[in-house]
Structure formats: C-alpha cells, structure tokens
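Enquirer: Before anything else, here's the structure in question.
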Amino acid sequence: MLQNKANPTISKSTGLPRKRFYRARAHSNPLSDSHFPVPLSPSHVDYSLHYPQLFPSSDCSDGSKKIEFADIGCGFGGLLISLSTLFPETLMIGMELRDKVTEYVKERILGLRLANPGQFQNVSVVRTNSMKYIPNYFEKGQLSKMFFLFPDPHFKEKNHRRRVISPHLLDEYAYVLKVGGIIYTITDVEELGEWMKSCLQNHPMFEPLSEMELDADPVVKLLSTATEEGQKVARNGGQTFQAVYRRITLASQENS
C-alpha cells in the first residue's frame, strides 16, 4: 500500500503518509467507551505484530526483550521517531486513543522501515486508552521511561479527573516503572504544568531530577522539539513547563 502511487494519502516523494488525511480532534474523552482489542495481560501482548523483524512470529518472544519506553498520547509520533534512532536497541511504543492519528503513526513507521532498512524496527504504536489499560500492557517494573507530552489540559475543574497525570494514575505508573525509571511531562499550559508537578512532588514514589541530571539527559531536549505541538509552541514564542521525575523506592519498602 505504501508503494501504491495511486494512493493519495501517501506522498510520492517520501513514501510517508500525508498528515492532512489523518487529522482528528486535538483530544479525545478518555472516560468514554471505545471499542478496540485489549490484551488480557502483558503476557498476551503480541510482539510480532509490533516488531515483526525482531519477533517473526508470536511464538518467538521468550520474554527476554520487552518494551521499555511508553509515549502516552503519542500524537503523530514525532518523539517516538526521534527516540527510535537515539535508542536503537530499546523497544518502545506509542499509546494513542484517536484512531486516525494511530493509523497515521502506523503508516509513518512502515514507510520509514521501507526507506531505511534495518532501522525503526524497535518502535510501534497501539490504539488504546492508557488511562484504563496500562496494566494490560506492562508488567510491574517493566518500563524505564514514560512520556506525557502536551496532554489535554481539561481546564474545567469538573474534568480534572480526565487528566492523564493524577494522584491515582501515578500509582499505576509507579507500578509499571522500574526503580530509577523516569516520567517526562511537558505542557504549554502553566496551570496544568503546576498540577502535574504538584502531583508528582506529592507522590511518595517519585522525586525530581536535579538540574545537572536534566542537563545531561539527551531526552529532555526532545520534549519541546520532537513533537508537532512542541514545534508549534516554539514557532509562536510560547512558554513550556516541564516536570521530570524519577521512580524511587519507599523507605518503608527499603526497611522491610
């Protein structure tokens, strides 16, 4: 399909999907019921569907190599593509609720794989609701990085329960992140930035990275440059607000 010259959704010059055919609403309601397949447990995730070159069949996954990075609400996949080449040995996945946007990212990855043999085999995307199904995809301590870039601010107070960073959701994120794993957040909405920072700061299983650690982390630089939303904010001269926190072990756990 990618090589079909009659397909108007694919650029003839690059072989990549044209974004204008995959436009959707900026955000979706995460509390609404959507219909898509969900694995019963992390052991039911079929890696051969996501990384066919690395796992030629569903029987080839022996559990030795698992997804380590998750981009929650990955949008058009800009961060994933950048991370794929920065960490070529690491499996990563984008989780996106909007069906058209998910299809765009799938086509983009397929196009990049065709144009760059051997590359982008470690990146994939899945349509799902990460606010409901994170435990269905990842085991305890499986992830080393989670990304929440320019999430829906849900301005109205009655809708704050829809925010993807919240005290009760951080419990789930802490479960799937290994000790030392990192949560990266960024927004151009100051109030949401303060909200996410406060949630993380008040959670007993997260601590902020130091300024020295932030400066040394190559991923931090991508937060404001790799995504379409981040690039739009930069073009408009807007501000961004980051909160980057590390998963830690509770003192009570250390002493038990």
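Any Cβ shown, glycine's included, is placed from N, Cα and C.
Automatic, uncurated: that is what TrEMBL annotation is.
Straight from TrEMBL, here's the annotation block:
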- GLY73, GLU96, LEU97, ASN129, SER130, LEU149, THR227, GLU228, GLU229: S-adenosyl-L-methionine binding site (BINDING)
- ASP152: active site (ACT_SITE)
Enquirer: Between the Cα atoms of GLY73 (S-adenosyl-L-methionine binding site) and ASP152 (active site), find the distance and write it as a whole number of Å.
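Expert: Rounded to a whole number, the Cα-Cα distance is 9 Å.
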Enquirer: Identify, in sequence order, the residues in the chain of THR227 (S-adenosyl-L-methionine binding site) that are 6 or more apart from it along the sequence and have a CB within less than 8 Å of its CB; answer 'none' if there are none.
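Expert: Non-local contacts for THR227 (S-adenosyl-L-methionine binding site): GLY75, PHE76, GLY78, LEU79, LEU149, PHE150.
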Enquirer: Where SER130 (S-adenosyl-L-methionine binding site) and ASP152 (active site) are concerned, what is their Cα separation in Å, rounded?
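Expert: Cα of SER130 (S-adenosyl-L-methionine binding site) to Cα of ASP152 (active site) measures 13 Å after rounding.
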Enquirer: Check each residue in the chain of GLU229 (S-adenosyl-L-methionine binding site) that is at least six apart in sequence and keep those whose C-beta is under 8 Å from its C-beta; list them in sequence order.
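Expert: Looking at Cβ-Cβ distances below 8 Å from GLU229 (S-adenosyl-L-methionine binding site), excluding near sequence neighbours, one finds GLY75, LEU149, PHE150, ASP188.
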Enquirer: Within a 10 Å radius around the Cβ, which one of these recorded positions has the most neighbouring Cβ atoms: GLY73, LEU97, SER130, ASP152?
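Expert: Top count of Cβ atoms within 10 Å goes to SER130.
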Enquirer: Tell me the Cα distance separating LEU97 (S-adenosyl-L-methionine binding site) from the residue listed as 'active site', rounded to the nearest angstrom.
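Expert: That comes out at 12 Å between the alpha carbons.
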